[in-house]
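Listed features, source TrEMBL:
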type	residues	note
TRANSMEM	12-29	transmembrane segment
TRANSMEM	175-195	transmembrane segment
TRANSMEM	207-225	transmembrane segment
TRANSMEM	293-311	transmembrane segment
TRANSMEM	318-341	transmembrane segment
TRANSMEM	361-386	transmembrane segment
TRANSMEM	398-426	transmembrane segment
TRANSMEM	438-464	transmembrane segment
TRANSMEM	476-495	transmembrane segment
TRANSMEM	515-534	transmembrane segment
TRANSMEM	546-567	transmembrane segment
TRANSMEM	587-605	transmembrane segment
Amino acid sequence: MFKILHFISKNKLLFFSLLFALSFIYIIHDDYIAADAYIIPSDSYTYITNDNPVEISIQPTMPIKKLNSILFSIANPTTLTSDYETTIDLYGDNNIISSISFSNDTCYEITDSLGNATELFFDTIAPICSYSDYKFKISSSAPTVENAYGFRLNNEGTIWNRLTYVLLTKDQQKLVYTLIFIVLISFIYVILYILNRNFTIPPEKIFLFLSLVLCPFYLFIVPVFQTPDEVNHFVRAYTIAHGYFLSPSGGNVPIPQNLVPYEWYTYTPFILFQNFHMTIDSFNAILHNNVNMALYSPVSYIFQVIGIRIADIFSDNTYILVLAGSLANITGCTVLIYYAIKWIPSGKELLTFISLLPMALQLRCSLSVDAITYAILVLFLAFCLCKRCQNSLLNKKDIIILFTLVFILSSCKVVYFVAILFIFLLPSPCFQSTKKEVLLKAFGCFEALLLSVGWFFIANSYLGSTRAGGDAYEKIHFILTNPGRYLYILLKTLWLDGHDFIYELIGYKLGSLNIVINSLLIFCIIILFFRIYYTEKQNRFYHDYVTEVISIISCTGMILLIATSLYIQWTDLSASTYSIQGLQGRYFLPLAPLLFCCFCVSAKTDSVTVKSNKKPSVSLFGLYVLNLLVLIEIFIFSSYYNRL
C-alpha cells in the first residue's frame with residue numbers, strides 16, 4: 001500500500017490525468033450509433049390510410065446486426081385523434097422482426113440535426129444481416145387523409161427513410177475508450193519521463209512529438225469533408241493542381257461529375273470504407289460553384305496542391321487525393337510551426353500550447369487554408385522576434401527568408417497582411433546602414449501592400465457572386481458614410497458574441513461546427529493556457545513596449561479587416577445596419593500567438609537563457625490529455641456517428 005501511495009505522490013500528473021479522463025469517459029450514457037448515407041428527400045408526401053398501406057423494400061448496408069431506429073420525414077395529421085393508430089412493421093423472410101406503433105394523436109417534431117426528419121425507435125432492437133432484403137409495411141386505421149400521417153417521398157417515388165445501427169453499447173464503449181486512453185496516455189508519459197530524466201526536451205520537439213501522435217487521430221476521426229468548407233477547399237486545390245490557378249468568372253469550375261461522390265454531410269468512416277473503391281470519371285464534367293474559395297490565392301493551397309498532384313499520378317480515387325492533400329498540409333504546416341517555436345526567443349511553450357489546441361489541430365489535419373495562414377504568421381513573428389533578440393546583422397539567407405515569408409503571408413488571406421508591421425521590430429544593428437534599413441523595411445511593406453491589393457482586385461471580380469457580395473458597394477458606402485455606426489455594429493457584435501469566438505477558437509465547435517465539445521474540457525484548456533502564459537511572463541525581466549504596441553496595433557487591424565471582409569461578402573443587406581454575419585472563432589486563431597507571445601518577450605536577451613534551461617511545462621501534457629478527451633467527444637457525439 002505504501003509503495004502505491006509513493007508511486008502516486010511521485011506521478012501526480014499521470015494519476016490525476018487518468019482519474020479525470022476515466023471520470024469523463026464514465027459519463028457516457030448513449031449507445032454508439034452509425035447511420036446510413038443521407039439522401040435528400042423530395043417535396044412530395046403520401047398519406048397512410050386504412051385503404052392505402054405502403055411497403056418499402058430496404059437493404060441494410062452496415063456490417064452490423066442490430067438495427068436501432070428508422071428516420072422518416074413526417075407530416076402530422078390535420079386532425080389529431082386517438083381513435084386511430086399507425087403501425088410500422090419490419091419484415092424479414094415474411095416474418096415480423098420488430099414493430100413501431102403510435103396513436104394518430106401524436107404530434108411529431110423534427111429531431112434530426114439536418115432539420116427534416118423524425119427518428120422512430122423499434123420496440124426491440126431488430127437483429128438483421130447486411131445486404132439482405134427486408135421490407136417495412138406502414139399501415140393505419142385512419143379512414144381519411146385528414147386523420148392520417150404523411151410520409152415524405154424520395155426522388156424515386158418511394159418513402160424516404162434512413163436507418164441507424166447500434167455499433168457499441170455504452171458499457172462496451174467505456175471499456176474500449178478506457179483501454180485505448182490508458183495506453184495512449186501512459187505511452188506519452190513514459191516517453192517524456194524517460195527523456196526528461198536525461199536531458200531537457202526543447203518545446204519544438206515536444207510539439208513535433210505530440211503532433212505525430214495527435215494529427216493522425218484528428219485526420220481519421222474527423223471524417224472526410226467534415227471541416228468547414230472542406231469540399232470547396234478540395235475542389236479549389238484539385239482545380240489548381242490541374243491548371244486553374246484563377247477560377248472562371250462567377251466561380252464555376254469544371255470538375256469530374258463524381259469528384260465529390262456524396263453531399264458533404266453524408267461522410268462517416270463506414271460510408272467511406274464502403275465506397276472507398278471508386279474511380280474519378282474525368283470524361284464527364286459538371287460545373288461546380290466554388291466562388292468563395294476563388295477569393296483565395298493559389299499560394300494558400302501550395303501544400304494541398306503538392307499532395308493532390310503527387311497522388312493524382314498514382315490514383316484516380318477521391319479519398320486518396322483528399323488524404324494526400326491533408327497529409328501534405330499536415331507536413332508543411334507542422335514544419336513551419338516547428339521552426340517558429342524553435343526561432344521565437346520567448347514564449348516557446350505558449351506558442352506550442354496554442355498550436356496544439358483542438359481547433360489548430362483540426363485545421364492542420366484538413367484541406368483548409370487557415371492552417372498555412374496560422375503557420376506562416378507565427379513563423380514570420382518568430383523570425384522578427386528572433387532577429388530582434390539576436391541584434392546581429394542580417395545575412396543574405398536571412399533577407400531571402402524575410403521576403404519569402406512576406407510573400408507567402410501577403411498571398412494568403414488578405415486580412416492578415418497587417419502583420420507586416422512586425423518587420424519594424426527588426427533593430428538597426430540588423431542592417432549595414434540606416435539607409436539600407438529604411439530601404440529593406442520599405443520594400444517589405446511595399447511587397448505586402450502590392451500583393452494584398454493586387455489580389456484584392458483579382459478577387460473583386462468574384463465578390464458579386466458570393467453569398468451577399470452583390471450588395472458590396474452599398475455596404476462599403478455605408479461604412480464610409482457612417483463610420484461611427486459601423487464601429488458600433490462591430491463592437492456590439494464582439495461584445496455579444498465574443499465569448500463564443502473565444503470558445504470556438506479553442507475548439508468548442510469542431511467538424512462542420514456541428515460537433516459541440518463539453519464545456520468542461522474547454523474550461524480546463526483555458527486554465528492550462530493561463531497557467532502557461534503567466535509562467536512564461538515571469539521569465540522576462542524587462543518589458544518590450546515597442547513589441548507590445550505593434551502587437552496591439554496589428555491585432556486590432558486584423559480584427560477590423562476580418563470583420564469588414566465578412567460584413568461585405570457575407571452579411572445580408574437587410575441585416576447590415578445592425579450586425580455582422582459569418583464571423584467564426586477560427587478566424588481569430590492566428591491572433592492568439594501574435595498577442596500573447598509578444599507580451600512574453602523581454603527587451604533584454606537574459607530571458608533567452610532562462611527559457612533554454614527551463615524544463616517543459618506539465619501544461620503541455622495536460623493539453624495532450626484533453627485533446628484525447630476531445631477526440632473521444634468527436635467520436636461519440638458527432639451528428640454523423642451518434643443518434644441524430
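Each residue's number is its place along the chain shown, starting with 1.
A Cβ is built for glycine as well, from the same backbone N, Cα and C atoms used for every other residue.
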For the transmembrane segment (546-567): best-contacting stretch of 293-311, 398-426, 438-464, by Cβ pairs under 8 Å:
398-426
Segment-segment contact (the transmembrane segment (318-341); the transmembrane segment (476-495)) at 3 or more Cβ pairs under 8 Å:
no
Two-stretch contact, the transmembrane segment (293-311) and the transmembrane segment (398-426), at least three Cβ pairs under 8 Å:
yes
Intrachain neighbours beyond the transmembrane segment (398-426), with Cβ under 8 angstroms and 6 or more residues off its ends:
296-297, 299-300, 369-370, 372-373, 376-377, 379-381, 383-385, 387-388, 437, 440-441, 443-445, 447-452, 455-456, 459, 546-547, 550, 553-554, 557-558, 561-562, 565, 590, 594
